[in-house]
Amino acid sequence: MTDIVDELKWRGLFAQSTDEDALRKALADGPVTFYCGFDPTAASLHVGHLVQVLTMRRLQQAGLKPLALVGGATGQIGDPRPTAERTLNDPETIAAWVQRLRGQIEPFLTFEGPNAATMVNNLDWTAGMSAIEFLRDIGKHFRVNKMLTKDSVARRLESQEGISYTEFSYQLLQGMDFLELYRRHGCTLQQGGSDQWGNLTAGIDLIHRLEPGAVVHALATPLMTKADGTKFGKSESGAVWLDPEMTTPYAFYQFWLNVDDRDVSRYLRILSFKSREELAELEKLTEERPQARNAQRALAEELTTLVHGGEQCAAVIAASKALFGQGDLAELDEATLSAALSEVPHATVAELGPLVDLLVEVGLAPSKSGARRTVKEGGAYVNNVKVVDGEVAPDAGELLHGRWLVLRRGKKNLAAVEVGPVG
């Protein structure tokens, strides 16, 4: 079996650790309990969280025991962002988000067997602690000069807004999490992103002060980046969420399908569970025929299956093919079709007019004369059927599920018309 540290390094998942040799020894000596934390700062995890969630899954498959922490306490504070203070959410909202995040994380882990996963909430050990107890038992062991060196804190101190004592104290809470999990579960490894390094080591320092002789470790993964310099995890419409109500499975699939050729091989190593041989073959295909997007399809299919399930992934693939003329649109169920069409330009009309008007309405043609030219050149399609007369209105019987028409100009330009109340 491949050494898990070597595997993480090969996949680009190893940014740094506190003591690599000591970590390797701990992993070789026996089962290691580790944890990774997720703060409920929104109603859903987003694709940026997949690095940590899937790394937890990878570590569990290698024999480690995971503790998945959802921060009912830290979520009420918020890790300092480099730019501005977070908006505080009320405790009831955070409690609801804790449950939603638990439900998203649990399917990725195994809760049976010798290294069964455990879900934990840091509100369990902070809720009953008074401010005096926190300052005496935890705050006493932190040094402000060291806390000030954390990147996000330093940047905020240089800004006009500065940083509140609330957010400045966040690293004390995260440090206490590691201490409590060490005491309660024998947790000796914390996993997180490299931007969390200061918080990871804060917990180690606290344990060393209060538990002399304890051997504990931190492991940081690199931040996901994009070759074009834009922020990873954002589409044109905003963040890409794991919740299907916030980002449809179709949009989720398309996000990965549209990954830049310069990024796709790296993303596959980081996020996929395919073997080295399979990944090497996909890298080769990308070099030889990038236009086929084989690597992107493999990435999109695997991650959509992991997040939304195989049945939903199959429906999304069928919709993706059908929209571009490689399948029967009429075979798509209404929910899948509606979700897919929500991601393309569309217009709502009270009744169907001539096709040339519809092409202009949805933006597939700049004018009626442009629409007529598209039809004349054989480039206009309604529900994947080529149109020969643009002056005729589509028949109501052509409406998919009684409400949709899919219009296409050429091979790739899609739009939709929905018949219904306007306004």
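Here the Cβ of each residue, glycine as well, is placed from N, Cα and C on the backbone.
Swiss-Prot lists motif ''KMSKS' region' at one of the ranges 226-230, 231-235, 301-305, namely 231-235. In Swiss-Prot, the annotation motif ''HIGH' region' applies to 40-49, one of the ranges 10-19, 40-49, 140-149, 360-369.
For the motif ''HIGH' region' (40-49), same-chain residues at least 6 beyond its ends with a Cβ under 8 Å from one of its own Cβ atoms are 70-72, 75, 78, 86, 89, 94, 96-98, 100-101, 104-105, 224, 232-233, 239-243, 246, 252, 255. Each residue contributes its Cα atom, and for Lys234 (ATP binding site) and Gln174 (L-tyrosine binding site) these two points are 27 Å apart. In the three-state DSSP scheme, Tyr35 (L-tyrosine binding site) falls into the strand class. Along the motif ''HIGH' region' (40-49), the predicted structure has mean pLDDT 95.
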